[in-house]
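Shown next, in structure tokens, is the structure this report addresses.
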Amino acid sequence: MDTNNRSSMTDFILLGFSDWPQLEHIISGTVFIFYIVTLVGNTTIILVSNLDSQLHTPMYFFLSNLSFLDLCYATSIIPQMLVNLWGPTKSITYGGCVLQFFFALDFGATECLLLAVMAYDRYAAVCQPLYYTIIMHPQLCQKMVLTAWLGGLGSAFILCSLTLKLPRCGHREVDNFFCEMPALLKMACVYSKVIEIVVFALGVIFLLVPLSLILISYAIITQAVVRIKSTARWHKVLNTCGSHLTVVTLFYGTVIYMYMKPQNSTSQDEGKFLTLFYTIVTPTLNPLIYTLRNKDVKRAIKRILY
């Protein structure tokens, strides 16, 4: 009995949306539907990209990695969130919180880098079409994806190590629906200038630099598109690039707003709903955006089904 009591004191309480108990059932139902769509949509893209030989191209190699990443990202957060919303308790073990915190950071940082890699792929396809297969050869694609995954892993390890070393003075309540860094930092009873500097530096590396490269790529792509005389090719470029640019806007917009502005300038309630958007809504929208706007994917699905 004493052991259980001591063990429970190491658990964290995820407050989630407890301030709005009347909304919890609506939020849980909505999140459950989004999660099912995320699982089905992203799994479909992974299977179609691998089963259809016509989609064995760098673009769909990156897209299948993005879908796998979104599956992992959503799964690291949503199941525990639903358990807490549906069950009588809102607790999470210390180990579970650490794992959730680490993987959320890892997958989020990896997605930042992967979206930049996909922008470079679109630049090579549109601006260097004659040399595209030479530039984006399989070994380079694999190395770029591996770099994105390792970069996310490294940043997660650094931030997780620094954050978990902070004294919490017995605080156990995480004012969010999962163990996210801003909420964990607010639990600490000391201020750490080191973490603030590291967060800002990694924010520049994983958010601002990739976003700048994406914007530069699309500025060059826009100049190239203006010179395209073929209407069919012009529409194809707009469809593929438009899908990627939509995903970039949705993901980077909310993440930069959350992580690159002073923490005190964002209310906790506002932060929860913003976090809900980029952790749950964006992984759901990604496959829908790519399949609804992409004729190649829709044709591949028809070929496999029929």
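Using N, Cα and C of the backbone, Cβ positions are placed for all residues, glycine too.
Annotated features, as they stand in TrEMBL:
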TRANSMEM  26-48  transmembrane segment
DOMAIN    41-290  domain 'G-protein coupled receptors family 1 profile'
TRANSMEM  60-78  transmembrane segment
TRANSMEM  98-123  transmembrane segment
TRANSMEM  144-164  transmembrane segment
TRANSMEM  197-221  transmembrane segment
TRANSMEM  242-260  transmembrane segment
TRANSMEM  272-292  transmembrane segment
Three or more CB pairs closer than 8 Å, sequence separation of 6 or more: does that hold for the transmembrane segment (26-48) against the transmembrane segment (272-292)?
yes
Dominant neighbour of the transmembrane segment (242-260) in 60-78, 98-123, 197-221, by Cβ pairs under 8 Å:
197-221
Determine which residues of the chain contact the transmembrane segment (98-123) at the Cβ level, with the cut-off under 8 Å and only residues 6 or more beyond its ends counted.
58-59, 62-63, 65-66, 69-70, 72-73, 76-77, 80, 92, 136, 141, 144-145, 147-149, 151-153, 155-157, 159-160, 163-164, 178-181, 184, 202, 206-207, 210-211, 213-214, 217-218, 220-221, 240-241, 244, 247-248, 251-252, 255, 279
Quick one: average pLDDT across the domain 'G-protein coupled receptors family 1 profile' (41-290), no decimals.
86
